[in-house]
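Written below as structure tokens is the structure these notes are about.
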Amino acid sequence: MTIKQDLRHFTDISALSPGVLRSILDDARARKNRLKAGNIEKPFAGKVLAMIFDKPSTRTRVSFDVGMRQLGGETIMLTGSEMQLGRSETIADTAKVLSRYVDIIMMRTTTHDRLIEMAENATVPVINALTDDTHPCQIMADIMTFEEHRGPVKGKTFAWTGDGNNVLHSLVEAAARFDFNLNIATPEGSEPESKYLAWARSAGGNVKLTTDPIAAVEGVDCIVTDTWVSMGQEGRARGHNVFMPYQVNDALIRHAHPDALFMHCLPAHRGEEVTDSVIDGPHSVVFDEAENRLHAQKAILAWCLEGGRPSV
Ligand code: CP
Ligand code: NVA
């Protein structure tokens with residue numbers, strides 16, 4: 001079975017065209033401006049978002065919940081372990097049942113296959129709220145944040161240092177879709193999955209891989225990092241001494257452009273992938289990123305639910 005073409009799922013950045021992604025970000029900015037101006041808009045009164053979490057969450061859970069409420073809709077918070085999913089009901093059957101009740105489904109889960117199986121079997125849109133493989137909502141908020149601070153991302157250079165994880169995979173896809181350069185520094189054995197690099201390069205992305213964090217951040221416009229141990233990967237965690245050279249600290253950030261931004265999806269592990277001095281310092285925009293999850297996801301919900309209706 002394949003994903004139904006008439007439904008607007010938000011599964012991955014690579015699944016959407018540059019034009020659609022840009023229209024979502026334009027809508028996100030417009031919605032944010034109108035919210036700050038005090039405008040109340042409730043286009044989704046009567047609509048219900050089901051939120052399924054197979055992993056913990058603070059930002060994703062609250063920003064989707066608040067976003068849907070601001071749009072006039074309602075939410076149902078579900079955890080996989082409390083559903084029949086946790087007693088081996090299939091994702092396909094769950095997708096078909098939920099589609100009879102709710103208007104849209106958001107899922108944070110383990111393997112990417114589970115997310116795709118949900119999208120293939122649902123008859124309502126499905127949004128990826130993080131899988132082991134990707135985190136596209138986060139990266140939409142990050143691109144929005146960069147552009148708020150520094151203007152168009154096209155032609156800029158980002159660096160990632162640390163573990164090659166799900167957030168990085170979506171950043172790799174974004175580099176191709178939004179046309180910015182990306183330097184990645186990871187320890188050997190922690191590189192991003194080659195299929196993401198191959199896709200980005202085939203889509204015209206300029207993505208470089210190194211083991212040298214200083215070379216990766218030299219002169220860049222933005223440094224991004226994330227935890228060294230993603231959720232569900234605790235058993236595969238590598239020693240801190242492997243990752244310590246990739247820590248974003250004052251010495252490393254000095255190699256970036258003086259106006260470089262520092263980004264982190266949060267939660268941060270202070271003293272590990274980033275020092276207090278950087279995350280609380282002048283380069284950091286981590287709380288803007290967190291706020292923009294709300295605005296970006298409202299635009300994603302709108303694109304899924306109403307075909308990205310122009311927001312003016
Ligand atoms: N950045 C992010 O997705 O945070 P949560 O895990 O708190 O949702
Ligand atoms: N890479 C992290 C992101 C958390 C938002 C994880 O998957 O745990």
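Backbone N, Cα and C atoms are what each Cβ position is placed from, and that goes for glycine too.
TrEMBL annotations: computationally assigned, not manually curated.
Listed features, source TrEMBL:
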BINDING   S57, T58, R59, T60, Q84, R108, H135, P136, C137, Q138, C265, L266, R293  carbamoyl phosphate binding site
BINDING   N166, D226, S230, M231  L-ornithine binding site
DOMAIN    8-148  domain 'Aspartate/ornithine carbamoyltransferase carbamoyl-P binding'
DOMAIN    154-304  domain 'Aspartate/ornithine carbamoyltransferase Asp/Orn-binding'
Least Cβ-packed of the binding-site residues C137, M231 (other Cβ atoms within 10 Å) is M231
Mean predicted confidence [pLDDT] for the domain 'Aspartate/ornithine carbamoyltransferase carbamoyl-P binding' (8-148) | 97
Using DSSP, break the domain 'Aspartate/ornithine carbamoyltransferase carbamoyl-P binding' (8-148) down into helix, strand and coil residues and give each count.
-> 75 helix, 21 strand, 45 coil
Other than N166, D226, S230, M231, which residues of the same chain sit close to L-ornithine? List them in sequence order, counting a residue when its Cβ is within 8 Å of the Cβ centroid of the site.
-> L130, D132, H135, D163, N165, V167, T227, V229, Q233
Under a threshold of 6 Å between Cβ and any atom of ligand 1, which of the binding-site residues R59, Q84, D226, C265, R293 are retained?
-> R59, C265
Counting Cβ atoms within 10 Å of each Cβ, the densest environment among the binding-site residues S57, Q84, N166, S230 belongs to N166
May I ask which of the binding-site residues Q84, D226, S230, M231, C265 have a CB within less than 6 Å of any atom of ligand 2, listed in sequence order?
-> D226, S230, M231, C265
Per DSSP, N166 (L-ornithine binding site) is which: helix, strand or coil?
-> helix
